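Okay, so here's the structure we're looking at.
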Amino acid sequence: MEPSSKKVTGRLMLAVGGAVLGSLQFGYNTGVINAPQKVIEEFYNQTWIHRYGERILPTTLTTLWSLSVAIFSVGGMIGSFSVGLFVNRFGRRNSMLMMNLLAFVSAVLMGFSKLAKSFEMLILGRFIIGVYCGLTTGFVPMYVGEVSPTALRGALGTLHQLGIVVGILIAQVFGLDSIMGNEDLWPLLLSVIFVPALLQCIVLPLCPESPRFLLINRNEENRAKSVLKKLRGNADVTRDLQEMKEESRQMMREKKVTILELFRSPAYRQPILSAVVLQLSQQLSGINAVFYYSTSIFEKAGVQQPVYATIGSGIVNTAFTVVSLFVVERAGRRTLHLIGLAGMAACAVLMTIALALLEQLPWMSYLSIVAIFGFVAFFEVGPGPIPWFIVAELFSQGPRPAAVAVAGFSNWTSNFIVGMCFQYVEQLCGPYVFIIFTVLLVLFFIFTYFKVPETKGRTFDEIASGFRQGGASQSDKTPEELFHPLGADSQV
């Protein structure tokens, strides 16, 4: 099949931009809790004194703070696993629109928690916005993938990750003590999430529903055709419609796909395994360990103003996501993911050497900063953006919601595990903690090389057909036959 149009219309960018506001929320709420830790802990202490007339015990304070951080991921797990309940019933766009109610409720709870002298409100607000973000990590890549032409699906899919990293960077800047990360303004820092939620409520009603959802799920061909014409800026959308109809016919021949069926069926087992491992490669790469504890890592490295070095890593994060956006359709998803994993492994080794020799060689602090920035840069080349949207590419319309739910749940669960365990593992292993991530990165590289297909330039149905046709005879084929960049349909 010839590559589809690369024309970027205003309607397409409005749709993608409106959706990506949810990605920005995810990034912001991931990064916002770190900077104001000390002032929020003091709020917990003052609240405890107000209630019980004594200072809070250090162990209780640590537990409350850990809960405040971790409850976000628990909410994310629940939200990500619930994606399929909404998108098939209400549609992709309407699901994103409805979920902003959760963002408004969370903003109110966290914004008024200090006034109400209730740390329970803050923790509940973190849980609710976690549910919102878990749903968003499923809704946004699915919607963007379904409204984008095949030739632009990778580049536009990368915008989800760009939204996340911009959100993290905004949170890092707003969290500075001189802006909102102080005793007076931290409630506003946490509740400012109502702004992108309000903006999304204004923009999304102007955006179309996914044409794939309209045609394949609702059988509304005329509406789907009208939406496609607006998105493509072209009166002739026959090829897009034919591709969707073929996928619809294939879907009708299959029974409804449940989460269990994804693992039972030979046609889905390999793609769901690839989807889960790709998500694990994102979270177990060590990137969140760098983000969660970057300030303390920079302090150990001898940086005088570690908070600004952390913001510097956020800028690198954003810059290289933009780089990925421009090269993903040329280099391909699989190639960029492999480059990213290899680069991160090399930087993790450098980071380990620098931190281990820091006391003997003070100049190693500069090497550790270079290693951290390099680690972040390589992450955004591949493992950052690609797992989000390639999951939607690996599945046809029928199993896609269930697959996105499973992959998202895997992502959030591994995120939670790293967030809870890294501090203890770091205390146990010292500067050698990143050796663990190096080993994991090498394993993910091997899996990606042998098991993950290239999806660049291929329609959803072509990719799904590759898994259906090649499932029985994979082991007889060489990696070159399986993963040639132009890809036969027997790829797995």
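Cβ from N, Cα, C; glycine included.
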Identical membrane-side domain name, K7 and C429, from Swiss-Prot: no
N45, N411 - the residue Swiss-Prot records as N-linked glycosylation site: N45
Of N182, N317, residue recorded by Swiss-Prot at the D-glucose site of Q161, Q282, Q283, N288, E380, W388: N317
Spatial separation of N45 (N-linked glycosylation site) from N317 (D-glucose binding site) - C-alpha basis, Å: 35
Q161, Q282, Q283, N288, N317, E380, W388 excluded, remaining Cβ within 8 Å of their centroid (D-glucose): I164, V165, I287, F379, P383, G384, P385, P387
Maximum Cα-Cα separation (Å), residues Q161, Q282, Q283, N288, N317, E380, W388 listed as binding D-glucose: 16
Leading stretch by Cβ pairs under 8 Å, where the reference is the transmembrane segment (121-144) and the options are 12-33, 186-206, 272-293, 366-388: 12-33
Average model confidence [pLDDT] within the topological domain 'Extracellular' (356-365): 83
Interface check, the transmembrane segment (91-112) with the transmembrane segment (335-355), three or more C-beta pairs under 8 A: no
Cα-Cα distance linking N288 (D-glucose binding site) and N45 (N-linked glycosylation site), given in Å to the nearest integer: 28
Least surrounded among the recorded positions, given as N45, Q282, N317, when other CB atoms within 10 Å are counted: N45
